[in-house]
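**Q** Straight out of TrEMBL:
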ACT_SITE  HIS154  active site, proton acceptor
BINDING   54-73, 136-139, 245-247, 271-273, CYS289  NAD(+) binding site
BINDING   TYR98, ARG101  substrate binding site
BINDING   CYS162, CYS165, CYS203, CYS208  Zn(2+) binding site
DOMAIN    29-303  domain 'Deacetylase sirtuin-type'
Amino acid sequence: MILRQFACRAFINAHLHTHLRQPQFSQTMARPSSDLAAFRKIFSKANNIAIITGAGVSAESGVPTFRGAGGYWRKWQAQELATPEAFSRNPSRVWEFYHYRREVMLTKNPNPAHLAIAECEERLSKQGRKVTVITQNIDELHCRAGSKNVLEIHGSLFKTRCMSCGHEAANYKSPICSALKGKGTPDPNTHDAQIPVQELPRCEQTGCHGLLRPAVVWFGETLDADILTSAETVLDSCDLCLVVGTSSVVYPAAMFAPQVAARGVPVAEFNMEDTPATMRFKFHFHGPCGTTLPPALARHEAELKEIQLDTDQTV
């Protein structure tokens, strides 16, 4: 798959948006099926399932998406704060924003969609089948739900990276530093805390004490090469792909499922609305992911027969 050219995290431009919305030969393309039984038949035979997830999954857990109308923290949208330039200009403001997001996430829990994916992975792994989650989300809800094979292509809210020594580590402190305690309110009338840079989160590596940043992929930065390579490997070998709660408008993830579909692999989209890539897929299931996904990934009758056969042989 040719994903490297889109390795820089950015919003899809108008030309590519049009290209996705109007695929070649679109006049002859049928509306994706919503036949759950047909999907389940394919699902029952799939051995290597890739599940691509986006903000829509976490939104059902009450996680702010910072997208579209009302998607502001104070008077800024995420793409105005989630950049290296914004951090360089005002690290205090950016850390307030991420401190707020970290604290919010500590109050949220995985929803039925996260749990269904994790249960499916555990169940199928016992049958020699594999499920891999490729997520754009940085909230770790998939891991908290129990998923083990998770590729976080945009990083994690609960990891930090030192600007001086480059050391990256998990960090679940609440607050992450004393100066941020009680800060980060999203109220647009709130003034910046203007925390001195030396009081912001600092590296604890011996002899370093450099400024820490969130270990997330900001707009304008390239994805981690190792994670991207792993994602390419999964997508190149999968025999079924699910796209769950993603808008299909942020690159490079916007091209993942369409490229899988282009090689003839069934792709099923689970979303609250159509996306620019919908017409490229075999299935589309409309509605909340927490409602549509669990029955799609539940134990198939073929699995029950296999369990019964194993039981009979054991007896």
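Yeah, the Cβs are placed from backbone N, Cα and C, and that goes for glycine too.
Caution: TrEMBL annotation is automatic and unverified by curators.
Give me the local environment of each listed feature.
**A** Using a 10 Å Cβ-Cβ cutoff, HIS154 (active site, proton acceptor) registers 20 neighbours.
Under a cutoff of 8 A between CB atoms, and with a sequence separation of 6+ in the same chain, the neighbours of MET272 (NAD(+) binding site) are GLY56, GLY245, HIS286, GLY287, PRO288.
Annotation for ARG101 (substrate binding site): spatial neighbours PRO64, LEU157, criterion Cβ-Cβ under 8 Å with sequence separation of six or more.
This prediction places the mean pLDDT of the domain 'Deacetylase sirtuin-type' (29-303) at 95.
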**Q** Near CYS165 (Zn(2+) binding site), how many other Cβ atoms are within 10 Å of its Cβ?
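**A** Neighbour count, Cβ to Cβ under the 10 Å cut-off: 14.
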**Q** Within its own chain, what residues at least 6 apart in sequence put their Cβ under 8 Å from the Cβ of CYS208 (Zn(2+) binding site), listed in sequence order?
**A** CYS162, SER164, CYS165, HIS167
**Q** If you measure from the Cα of GLY62 (NAD(+) binding site), which of the recorded positions TYR98, HIS154, CYS203 is the nearest?
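**A** In terms of Cα distance, GLY62 (NAD(+) binding site) lies closest to TYR98.
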**Q** Highest Cβ count within 10 Å among the binding-site residues SER58, GLN136: which residue is it?
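**A** Its Cβ has the most other Cβ atoms within 10 Å: SER58.
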**Q** Would you kindly give the Cα-Cα distance separating HIS154 (active site, proton acceptor) and TYR98 (substrate binding site), rounded to the nearest Å?
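**A** Just about 14 Å between their Cα atoms.
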**Q** In sequence order, which same-chain residues at least six apart have a C-beta under 8 angstroms from PHE66 (NAD(+) binding site)?
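**A** The list for PHE66 (NAD(+) binding site) reads TYR72, TRP73, GLN77, ALA78, given in order along the sequence.
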**Q** Cβ within 8 angstroms of the Cβ centroid of CYS162, CYS165, CYS203, CYS208: which residues besides those meet this for the Zn(2+) site?
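**A** Result: MET163, SER164, GLY166, HIS167, ARG202, GLU204, GLN205, HIS209, GLY210, LEU212.
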